[in-house]
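In what follows, a structure is listed as structure tokens, so that the remarks can point back to it.
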């Protein structure tokens, strides 16, 4: 007996520490042979541990080979299937189980309810009605199930029939009312409670907040907070309201509530209520998040420094706050002090350095990340994509697949953007196949597909995807398709689609008008462009940005209307950038407008003194006109300033 127990312990160690399947099966075989000698408790414990470790098939094999099973053995196996939502397997065992107890019935009922949907709820109700005896868990599970499925009337009927209600029953019913928008009924029900408890109070406060009734939530908390039983749990209601205020930017109200909670349990505030009610780590974390929500990093850090007990969330929240305001030195300092880092800590450093353009440091932290998850890969792939290093983004995706990590919608969106940047139709189509095979119903992914196909020359495929999206279209979807037509110079389709967008009640954004104005520029539709520009400001109240002015200069100067173009430039509410002057200079070359070309070139040189673009454009304009002396002078000026010609630009050969 002692020998068998010792050997079984060794095999158990192998079972839970080894990844060798042969060792696992060997341990299973041995466990079966000695289960009777060790009793049900050891066997059930082993089954449970195997199921928790993900070896449910092997656990079932042991279960089938056992010479004897008790109710707990059956319940353990059924519970394993329920947790994996394999309700068919669980039901088969349930139906042949020789003797069930209330735990068996409750496990099946909660499993059906957790699966969601009316069909599973009806199965749960059938079992509930067949139960020989019910406990409060049985009733509460069914009440919650009906409430979550918007059948609040049936939930209330069960609640009223319930022989003995507890705090969970009242909480379930209050939560159900709030989830279904019947907030007043929730308040009335809470007031009917014979003995107020902190759990239903927390449920009511949370429900009021979700229904945007924060002032009422604060009143309820103030009115009943000192009267409820279970006062040590009252802090959860306060924390919920602090989070509610914080999410809505009401940081002063959040801080006022935070300060009402005693710092320490058992301080000298007096009374039993105060002794059992104090701030916990969630209170501090919630208040720090509230400050960071409004960008008050200083107040958040002061509070963080006052914390006596911090958890990983505390550190990550503060680091994330620094990352969001691009204070990477502070983020690095805090990260270096952090005692226990998790995957999120490392991912924040990767995305943080990427957001400030330091891809090298982002890559450094990525490579040092102990356990790389999908989010880790997404962060570094997105970093290279945003930095326009599309090839490295693709190489990382290939490595991600080799290392066995599956892509998600964020991965595919970045890769589709990389395909667009590389103008690589084949790569984009491969990404599209992954989307189809994984059946990812993600709007941003499909938006990226529309852009990718249009930029790679397959505008018809873009339109096919756009048409298939139908009711799932958002403003970005319309922008992508209109932008695709504009990119291809198809102004009529772009403008027609813009009209459909408005008739479908989709409010255009500033990006929409950039695409519309670009479409007008491609087609030389000056009057249409002016009308759309005016409409953008007067009808949609969108303030013109640099891109809009650049497009308007492009369309007017492109049609030889240089006075109009200069009027637009001089009347802009901000200094024109290189895109504006570049559009004018391009038009000057087409129309041989030497005087205005000099103005545009000089303006571009002031903005980017080391750029060769204005010199090359000016040189080529003189060359086109046969003015070789002037062209040579431009080249000499450029060489005297030691400006090197950028890759991709070329001189017109003087020998031709």
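Counting starts with 1 at the first residue shown.
Note: Cβ is positioned from N, Cα and C throughout, glycine not excepted.
Quick look at what Swiss-Prot lists:
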type	residues	note
REPEAT	70-104	repeat 'PPR 1'
REPEAT	105-134	repeat 'PPR 2'
REPEAT	135-169	repeat 'PPR 3'
REPEAT	170-200	repeat 'PPR 4'
REPEAT	203-227	repeat 'PPR 5'
REPEAT	280-310	repeat 'PPR 7'
REPEAT	346-372	repeat 'PPR 9'
REPEAT	373-407	repeat 'PPR 10'
REPEAT	408-438	repeat 'PPR 11'
REPEAT	474-508	repeat 'PPR 13'
REPEAT	509-544	repeat 'PPR 14'
REPEAT	545-575	repeat 'PPR 15'
REGION	580-655	region 'Type E motif'
For the repeat 'PPR 14' (509-544), the mean pLDDT of the predicted model
94
By Cβ distance under 8 Å, which residues at least 6 away from the ends of the repeat 'PPR 3' (135-169) in the same chain are close to it?
102, 105-106, 109-110, 112-113, 116-118, 121, 124-125, 128, 175-177, 179-180, 182, 197, 199-200, 230
The repeat 'PPR 10' (373-407), counted residue by residue under DSSP: helix, strand, coil:
26 helix, 0 strand, 9 coil
